[in-house]
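Colleague: To start, I am sharing the structure in question, which I have written as structure tokens.
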């Protein structure tokens, strides 16, 4: 992507989705059986990939992570700092980068596909990537087995993520994507 120019519109949209992901982190509650809280962040990740595309969606999540690293309380439950990236839920945060990218890339590749295909690729493409990063780091940090990590780090989040995917899929059907991706 060398030589790729970002317009002021691009930068504004990237900043907006970094902020949106941080705001959605405040929709958060702990689970008694998991070191990872339920949060609204993945909705921001999905929307960033869908509405910004792969490259800008990825950049929005870099901006989001940098905001948290410098101390702004934008991670789940208002946490911040570099330590959040290396704790039990840090893998999910790293996964946001690649989840947004994959969602954007798949949407760009399958833009003419039907509703069900988009839904399938949003589910498998983005959220599964976030879960892979999250579960991997959860295993490393907590020394859980793979089964324990899946039970505490993925299964409790599936219903909420399916609801978020439903919301994102509805947005994709309302013509907001083409309106948002234009450079007007």
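Cβ from N, Cα, C; glycine included.
So TrEMBL lists these for the protein:
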TRANSMEM  12-29  transmembrane segment
TRANSMEM  35-55  transmembrane segment
TRANSMEM  62-85  transmembrane segment
TRANSMEM  91-107  transmembrane segment
TRANSMEM  119-142  transmembrane segment
TRANSMEM  162-180  transmembrane segment
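Neighbours and distances for these, please.
Modeller: Listed by sequence, the residues of this chain that lie at least six past the ends of the transmembrane segment (12-29) yet keep a Cβ under 8 A from its Cβ atoms are 6, 37-41, 43-45, 47-48, 51-52, 56-57, 59-61, 63-64, 67-68, 72, 74-78, 96, 180.
Sequence-distant neighbours of the transmembrane segment (35-55) (same chain, 6+ residues past either end, Cβ-Cβ under 8 Å): 1, 4, 13-14, 17, 20-29, 61, 64, 76-77, 87-89, 92, 96, 99-105, 107-108, 122, 126-127, 130, 134, 138, 142, 152-153, 156-157, 160-161, 164-165, 167-168, 171-172, 176-177, 180-181.
Long-range contacts of the transmembrane segment (91-107) within the same chain: residues 21, 36, 41-42, 45-46, 48-50, 52-58, 60-62, 64-65, 68, 75, 84-85, 118, 121-122, 125-127, 129-138, 140, 172, 177, each at least 6 residues beyond the stretch ends and with a Cβ under 8 Å from a Cβ of the stretch.
Packing against the transmembrane segment (119-142) from elsewhere in the chain are residues 35-36, 42, 45-46, 49-50, 86-92, 94-96, 98-100, 102-103, 105-107, 110, 113, 149-150, 152-154, 157, 161-162, 165, 168-169: each is 6 or more residues past its ends and has a CB under 8 Å from a CB in it.
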